[in-house]
Ligand SMILES: Nc1ncnc2c1ncn2[C@@H]1O[C@H](COP(=O)(O)OP(=O)(O)OP(=O)(O)O)[C@@H](O)[C@H]1O
Ligand SMILES: [Mg+2]
């Protein structure tokens, strides 16, 4: 017995689930003076808790080693999560969750943690299997966070103005797709993409000029640092005055925000090629442009992509904030600022979710191109023979 | 021809009719933060067409620097140097030489084949011709089959061979090689030495070759230049008269051992100057 290693997480999960069966599930309704609900009245929840006790005890004993046992743990936890949510909404526990309920959540937390842990440590030489595991881990973790958010907000009865539960945001998201699509088109497709391409493109060309002309390097780069330190809150209204309410002023803000990260990174990157490689090109009497395209730009690519990634995030922030300072009645920033005023917090959150999705997808796309374009770089390459 | 032109022609006439490299009284001083470094001083040397010249000497004696001056990667601070009768800069612009650096210096984003075709691309040679020449050059260093690999997928020695193939690919008449075989094992080294000799005997290229190995220097060269450090200067130039198509067996002959002995003595003398 004492040389056996007990699985601590499963032990915690089993004990918490056992206690959850004993402690009161919900608080007392002030009007009726009675407990809102009992475990005994909710068969699904009772089964889920019992399952947690059994599975927890079993895995404490046999240990969680294979992906299969991790998956079983996660399956038990998913069933438990479903029952917990149903208890909150279908049995009136929302706002009245008691000790028993929270103990059950702790039990679920232990199982999810252990289950994800096992899958995260999974190593396979088969790429397909490994990739599946690599996807499951963040997805499961994200789902768990959403669940905790939902349960905390509903269980404690947090007012919706402070923080709506994710389910409500999700419903709002799918029921107002037409508004969101219009906002996305206005802010992302029109303002962000054009500003990003313009800002990064002009900075790239400028970087090559700066690199060629020494006095620009000494004169412009320090100035550039100053401009990039300008607060966007100050710049945005001026751009609106200059370029009007529509997306052009937002694109202008984005150009200002993205220009200098790109300029500085590209100038640094153009000097990244080593002395030896430059000497090599000199022995071939390679001209300026030939050396630029064959040696210096390829060597600069990791730096350029670094700036492109930073800017993908900056551009979205810039566009949304700039819309606070005047815009036609469409756009993600516009929607956020007006719906806050109307106390439609779920809509605000839906727009935030949209921004998060768009930002992640944008960043992911740039990172993907980077991987393809600079696969030679030590940080990406895999030894293949 | 005017009289002036005739006088000019006579004045710029190289020491020997077919001198490829002609160095007179050359010196080079690096100005560094800790004061001047006298890398080369009073160097006189003529390399004739078809010569195979080895430079040997202790580390830091200026072998690389001398090769870099010939290649116009470094400017002499005193004396005269001409390559094929013109200035090093002109020679470089004419793509007169192929240079093999002490390190492979392959571009990591190019496959081995595209690394070898790099100079050909810069010289605007047609694509089919580039592929063909890369194929031949890679075959010469026995890297055929590795065309599509990337540099980091090859061992250090294979990378160095790829860099030799790159220098051979555009068929320059002058080869400047800075310890090209330093990273290779004895057997491969012997083999590449033989290959290099064959190539040299066949094509009448001129080779300037830096090495730390006395047998390698004696085996390969028609002329061995022994150098000493601080300041880097030439202390002995030894001419050998082995046939051009020599085999590895000459390493057992008395003449070979005698020359090797003389090189060693020269190196010792250089060292004792040091103390
Ligand atoms: N760019 C430079 N600036 C200052 N000093 C230099 C520079 N390049 C070389 N030197 C110095 O010149 C001297 C000769 O260097 P060089 O590289 O020619 O030596 P080497 O004979 O090739 O040595 P090794 O056999 O180790 O390659 C050394 O003392 C070195 O420190
Ligand atoms: Mg050297």
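From the backbone N, Cα and C atoms, a Cβ is placed for every residue, glycine too.
Unlike curated records, TrEMBL annotations are generated automatically.
Sequence annotations record features per position, and here TrEMBL assigns domain 'ABC transmembrane type-1' to A:204-373.
As annotated by TrEMBL, transmembrane segment applies to A:43-64 (among others). Beyond the transmembrane segment (A:43-64), the same-chain residues lying 6 or more positions past its ends with a Cβ under 8 Å from any Cβ of the stretch are 5-7, 9-18, 20-21, 25, 70, 72-73, 76, 79-80, 82-84, 86-87, 104, 107-108, 110-111, 114-115, 118.
As annotated by TrEMBL, transmembrane segment applies to A:71-89 (among others). Counting same-chain residues at least six beyond the ends of the transmembrane segment (A:71-89), those with a Cβ under 8 angstroms from any Cβ of the stretch are 10, 25, 37, 42, 44-45, 47-49, 51-52, 55, 59, 64, 97, 101, 104-105, 107-108, 111-112, 114-116, 118-119, 140, 147, 150-151, 154-155.
The feature transmembrane segment is assigned by TrEMBL to A:95-114 (among others).
According to TrEMBL, the transmembrane segment annotation covers A:135-158 (among others). Distant neighbours of the transmembrane segment (A:135-158): 74, 81, 84-85, 88-89, 93-97, 101-102, 105, 109, 112, 115-116, 119-120, 164-167; these residues of the same chain sit at least 6 beyond its ends, with a Cβ under 8 Å from one of its Cβ atoms.
The transmembrane segment annotation in TrEMBL covers A:188-210 (among others).
The annotation transmembrane segment is assigned in TrEMBL to A:222-245 (among others). Sequence-distant contacts of the transmembrane segment (A:222-245) (same chain, at least 6 residues past either end, Cβ-Cβ under 8 Å): 251-253, 256-257, 259-261, 263-264, 317-318, 321-322, 324-328.
Per TrEMBL, the feature transmembrane segment maps to A:251-274 (among others). Among residues of the same chain six or more beyond the transmembrane segment (A:251-274), those with a C-beta under 8 A of the stretch's C-beta atoms are 190-192, 194-196, 198-200, 202-204, 206-208, 210-211, 217, 221, 224-225, 227-228, 230, 232, 235-236, 239, 242-243, 295-297, 299-304, 306-308, 310-311, 314-315, 317-319, 321-322.
Under the heading transmembrane segment, TrEMBL lists A:314-336 (among others). If you look at the transmembrane segment (A:314-336), the same-chain residues 6 or more away from its ends with a CB under 8 A from one of its CBs are 179, 182-184, 186-188, 191-192, 195-196, 199, 232-233, 236-237, 239-240, 245-246, 249-250, 253-254, 256-258, 261, 347-348, 351-352, 354-355, 358-359, 362.
Sequence-distant contacts of the transmembrane segment (A:348-369) (same chain, at least 6 residues past either end, Cβ-Cβ under 8 Å): 164, 169, 172-173, 176, 180, 183-184, 188, 192, 305, 308-309, 312-313, 315-316, 320, 332, 335-336, 339-340. Taken from TrEMBL, the feature transmembrane segment covers A:348-369 (among others).
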